[in-house]
Amino acid sequence: MDDGTPHLSGVVTITNARYRNRVKMRNNNDAEPLICVVPNLSEVPKAELWRLVPSTDDRYQVKNMEFEYTASAPPSARIETHVDGSDREYWWFIEKAEEEKFGPDAYFIRHGELCWHLIDQSHETPIELHHWSPDRRSVWKIIQHVDPDASAHTSDGERLASAAASLPIFPASSLKPLADFKSAIDANVEVHVPTTPIFDIFKCASEMILTHVHRHEELFDLLKSIADIYGELVADKEFLGDCRIAAELVVEKLARQLLECADFITHYSEKLVFWNKLGKDADRETCASVQHFQEILNSFMQDIRRHTFNEKSPTVYRGVLDIDLSGLEYTSAAGVNESKQCLPGSRREVLSEIQDWIHITREDSKKVFWLSGMAGKGKSAIAHTIARWADERGNLGSCFCFDRTRKGDHHSKILSTITIDLAHRSPLARRALARTLNEENELRHTRDLTQQWTKLIIEPLRAMSDATRTPVLIVIDALDESGEEGTRELLLQLFSGKHTISSNPFPPNFRILITARPIPDIYDALHDQQYIKHVSLDDVAPESTGRDVEQYVAVKLGDLRVFQVQDYAMLARKSDGIFEWARLSCEYITKRSSIGPNPRSRYDAVIAGTSTQKNLLDKMYRLILTEAMPIEEHVDALPVFRSVMGQVLALLEPLSRASLTTMRRHISSKDGADVESVIRPLGALLTGISDDQTPIRPLHASFYDFLTDKGRSGEFFVEVSAIHHQSLAFSSLRVMKDELHFNICHLENSYLPNSAVTDLEERIVKYISPELQYACRFWTSHVKSTRFEPYLAAEIEHFLANERILFYLEVLSLTQTLIGTALSSIIPWFQCHDNARASSLIADIDQFVQKFTATILRSTPHLYLSALPSAPTLCLTFQRLIAKFPGAIKIWAGSMKVWPSLQKVIYGHTEEVCSVAISHDGRQIVSGSFDNTIRVWDADTGQQLGPPLRGHTNSVRSIVISHDGRRIVSGSRDKTIRIWDADTGQQLGLPLRGHMSWVTSVVISCDGRWIVSGSADKTIRVWDANTGQQLGLSLEGHTDCVTSVAISHDGRRIVSGSYDNTIRVWTVDTRQQIGLPLKGHTGCVTSVAISRDGRRIVSGSYDKTIRLWNTDTGQQLGKPLESHKHWVTSVAISQDGRRIASGSRDKTILVWDAETRQQLSLPLKGHTGWVASVAISHDGRRTVSGSHDNTIQVWDADTGPQLGKPLEGHLDRITSVVISHDGRRIVSGSDDYTIRIWDVITGQQVGLPLKGHLGWVISVVISHDGRWIVSGSYDKTIRVWDTHTGQQVGLPLEGHTLWVTSVAMSRDGWKIVSGSYDNTIRVWDVGTGQQLGLPLKGHMDCITSVAISHDGRRIVSGSDDKTVRVWDAITGEQLGSPLKGHTESVRSVAISYDGRRIVSGSADKTIRIWDADMGQQLGLPLEGHTESVLSVVISHDGRRIVSGSVDKTIRVWDADVGKQLGLPLEGHTRSIRSIAISHDGRQIVSGSHDKIIRVWNIINPVVTPIDEVVRLCETPIPAEIDDMPPNLTPSAITNLQTPLISRILSYLCSIADWRHKRGPQLIQHTPALGDLDHRRKQLSRRMACTCDFHSSNQTSNIDAAVLCHRPICFSSNPTHALHISSSFWGDSPPSSILPDQEGWVIGPEGQLLLWVPIYYMDLSRTYAPGNGLVIPNDGLQLDLSRFTHGEAWHKCYDPAGV
């Protein structure tokens, strides 16, 4: 393969190199497999055209031109997976194939290690993913396709590429020194051997720059500096060839700085995006970075030129990390400790040995160095010295130090911490890691250490080793302090290379230095292993260790001037090589005291002691403690000592003296002084003695062991008891009570994400004390570790019940510790004492955190501004606290009432989840996956319990857990069944073998005696669960793959489902089939379940149905359960038999009533891939689902989105909308076969749906007098309906031979015009229902749209033949030649009121205006839409054109000048199929494939027509207003306000303003007008309305100013618009102010304005700016009238709010 970067973009065809078949997307469906077809048309169809959208690193989106779906693979693709179309973003790596072998334009299209592959040349063969190989079937010819209007649909990525192409390029000749240097290295120029790996870095940096096209002028100076340096290096061969050791450090730093520069230059585009997201000035950041790079490079070069080398040369400048590492957990304060290094000149032998080992990078070299030794031997000092040395040279990847005093789950964070360190330190590893996370995003959340190790560390380093041989060192210090044996078992397997079947588990340049005592589990795992070099400090020659100890003692005691050399030697011999003892002795001897023994006396006391090596340290500890607490003071001193030290040891993270003192003062006012008195004499044993900032912790782990072992410490024994945790829990709560407050870090602007607050770390240090940080993080852990106390429970309840709980979340957000708050973990603490109130509060807050974590972490101000007001209205947190934040957004309509049923999302599997099961007690969830593993999860916390269960060699397709919870049974594609111990995770016995193909399903009998399995070999087998032996013969009868098996509760019957569309019932004893197969499904049966009483069977199928069967009779019970939109993949039935849960490929779970067979709730939505498996807990409270999106989701069975009243609205795509002439009614047609009528003011459906069509309703029109509705349908008929009765008038109008695509009606209401897919237009008499004359023929392809002129004399038609034609409505003759100009299908036509102009919209993305008389195009095409134009209308005065498009926008155009007016109208989430404009021009109505109708207010209210005034004046004021008492409070008014009332008020205000201008004219039309002012004032006064409509003299009904300056309003009430400064918009408004895919409304410069929880709401129903009405009218509406944002955000809080 050629590594050259392909420069691809634009529209292409993709053809297989072997078979010449072309890639096509066949249907407009999500998850539609991509196929290859035999090309048979001279013109390439759009379905076979693909748009390549480029990114960086050879990544592209491959987007279909016809259906706009992006080629994608499942979240983690596997062999035999089809490449599908998807509506989500998906990126592929496109790599150039070897031209000599495969010819020009040949590429591999890959995802990870898999690539597109075509198995044969058959027509419509799906494209599969196979492992990469140089096979022509995996090679694709990508050929640019001529696209005449590419500019009209250019994507952002293409525009970026196009803009970049016009920029100047840095001349390649100026980079010649880099090429010369590379050539010299490639030619094996003789260089000094120790520096050879350094030259790899030089070469790598040069290659990165040479293979990149440099177009950013702002980087040209940096490129020139780099070229000059390489030129100088090439010229100075003699110096480099004889590089002295002293120069090595500077040269190595220079090399690494050049590599950082190369990374900055080659990924500069990503830096720009990154800075933009942070709201930073890219020019300023670029200038600062370039300047810094140049200063550091110049400094290094000056040292080299002058031969001035010193240890204080500048450090390598790495710039800002520009990749997204969110989700990866990091352990701070676990890195290199400068104070722990060896004394200069000491430990030379062992340090030299380690340094030499690091630099040996042969394939067969040892990759792990284990430095062992007993406690006190100096292992940590050596580790930190090596880490510091490697860091100076750029070899350090990470240093992670375990510490027993830090009791958090650091063992689970070590690998993610190493990953983040590697990304910061190595640009090569950084980019490899970025690619991995882009391809497998779920790795951010996985707790699987094996996946973290392999994917996030080993693979990036292996990729890095391909570019350079320089070693990368990982230092892991004090592994023996990582916790209990079980916590490090997997880590030891990974570090030793045992946890892989690879013959070479480590990259050649990878090094791990481990220090640990040789305790049994570590010794067994690391000693005498293939990849491990083991050196024990216990085996170092005594004279070497003694010399180093003596040197140390001489330095420490030298200043006392009372000791001689022989004294140092004697003390060294006494130490027996234990450095910690020597340190303690020196600390004790040099201790200054006004009274007590002098140094010589102390020295003599130390020397006089006689001890073996084992208790040498213990004796020293007792000596120091006895002096600190003389025996005569023990009575008073020891209790205080135990209290203070008990808390020191009980702390989960060490605290400083000042912080611990503060904590203790909340327990007792005098306890604060105790800390000082206890720790001051213990400077030899503890850190944190001399200052208030350093955390207090044992200087050496052995002191911790000494204190907590009563046999060793005697009277100094400290028991870490529940009482210490109780006091720490109480003091934590009191610290939070005293120190928490609103906006604790004084954040000035809510527009900025936390990541853009440049001094956030400094603010945290300044405003959040260490004790407050500790309290917020760990108070729940201390509560769990103590017994229940009423006073502590009361303290917690008080804390939870007020706004301090939000301030607590604010601190966790700022400190990035919000994830894993563990609030739910203390619920059992309360439940044990029947405290339901506290439990409910905690559960509610825990839900709040779970649902809104991402939002709160991104921007702390939006905890208050957006998250709190988005909580359900019945949520306790919302009800208690929302009144205190009046400046937050207000959800005025469409809010959640209760929390969504989705409780949690569990991440961990790296490929699709195939099966889930729940233990009988409901405490554990078990899952099986395509990643070949089984995992066990805590059902409450979602945490993985133990390592994955590994053994299967292929995907785990089915999983079950025994009734007693002791065994797990799994079936796999590897054809085996395995049994596992649920507690230990160990496999029990050998695999169960016998099936001849993959095992699809397994179950275990209730008594645990039998296992039943189904297989793709068409058989069912029964196994003895204890012996693993098959019982009897296989059960045979199915004629295709057995997909699912179930066993009755009494163990007597087996039920099976199969691809042969049948269900069969079998007896366990005789292995015989009972009765005939159960038939009814019309597709494969995918899943079966049997009720606990054995009376009913439930089945799911590819036919999208669930069916219930009588087990005894085999008869189907009732009708099928139908609601799923795709295959039913899994069914489950609750223990009580009352509920059925079903999962589907449509990504939803449905819950059904088993008796009534009614759906119990709305679909449970959350998965982004197929739902492969569902399970119901034994108590029925939870439903668990596993999906192809690699996640497991847990749902609350009681809080699902309830169905309530029947949902109003179309059930399928809306195809056509029209508004009545009087503006009172909207009529819509849909693919759900119905027509519906809607009230324009209320949005309510008028009457029942009009039903009769037998196919999609494609077009509707309403007569001018509003009496008749006419519809055309896919069933080839036209139907006429009575608007008032909803009844069909007469028989259908039949004559078209294919579906009717468009209908129009003459103004007099007597003629109907229809167009059809049969290429004809027909005219019908409304009265008789008869066709008038012959069909109008002339179009060469299907008719897409028809219109009839206002005078009824002309018919206009548009067609897929790309023409518009005009016909005489009387004679049926075509008038003139076809109107030609469009290059694609004409999708819509309209004719102006005066008949002079015709407007057409086309799939070529343009609108064209034609002179109706001359047949000539007027002006240039109207361009702006980025996809097909599906609908066009023209205003009554002919001055405005309105268009709707597949691009989801509506655009308004000035018909005279051909320019777009203002911004597009956005709000629909799918293609806009139909547009209508009211006769008065006040409103635009749009219908979309998203099933929603939107009404857009774009009018000048002054032109309200008289008939509208009359109608509204006669409309009764709603009872809500008439019943309101006067002088209500603002809050009462707000609660009474409704969308309907506000809408009427808006109209009345508008009318009143218009009446002021036209009053005399109005009076004669309506006597009701006299009451108008009274009604308006009544509404305004009572509803506190401030509508301000301004007059205008312009004649056009559509107000261009409204389009250009739409307020930000997500409500039907205009008074809810956002008050915002013009400065917010900058130079120009953004292209969209709708919520993005995460729910954020973002300003033009990246400002975070607000957030809404779109994951839990239907975005398609949400009001958008400009909407006066959305149908159905139950979507989200926001009141932003009091919203405080930006620099005023802090005013959102009112402490006095009630």
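The count begins at 1 with the first shown residue.
The backbone N, Cα and C atoms fix where each Cβ goes, and this holds for glycine too.
Any TrEMBL annotation is an automated prediction that lacks curation.
Residues or ranges marked as domain 'Nephrocystin 3-like N-terminal' by TrEMBL: 353-517. Sequence annotations record features per position, and here TrEMBL assigns repeat 'WD' to 906-947, 949-990, 1035-1076, 1078-1119, 1121-1162, 1164-1205, 1207-1248, 1250-1291, 1293-1334, 1336-1377, 1422-1463, 1465-1498 (among others).
Remote same-chain partners of the repeat 'WD' (1293-1334), defined as residues 6 or more beyond its termini with a Cβ less than 8 Å from a stretch Cβ, comprise 1255-1256, 1258-1265, 1267-1268, 1270-1280, 1340-1348, 1350-1352, 1355, 1357, 1359, 1367, 1369, 1372. Non-local neighbours of the repeat 'WD' (906-947) in the same chain are 74-76, 78, 440, 442-451, 455, 489-490, 822, 824-825, 953-961, 963-965, 968, 970, 972, 980, 982, 985, 1169-1170, 1172-1179, 1181-1182, 1184-1194; each lies 6+ residues outside the stretch with a CB under 8 Å from one of its CB atoms. Confidence over the repeat 'WD' (906-947), given as mean pLDDT on the 0 to 100 scale, stands at 88. A contact between the repeat 'WD' (1465-1498) and the repeat 'WD' (1035-1076) is absent, since fewer than 3 of their C-beta pairs, 6 or more residues apart, lie under 8 Å. The helix, strand and coil residue counts that DSSP assigns across the repeat 'WD' (1121-1162) are 0 helix, 22 strand, 20 coil. Within the chain, the repeat 'WD' (1121-1162) has long-range Cβ neighbours (under 8 A, six or more residues past its boundaries) at 31, 901, 1083, 1086-1093, 1096, 1098-1102, 1104-1108, 1168-1176, 1178-1180, 1183, 1185, 1187, 1195, 1197, 1200-1203.
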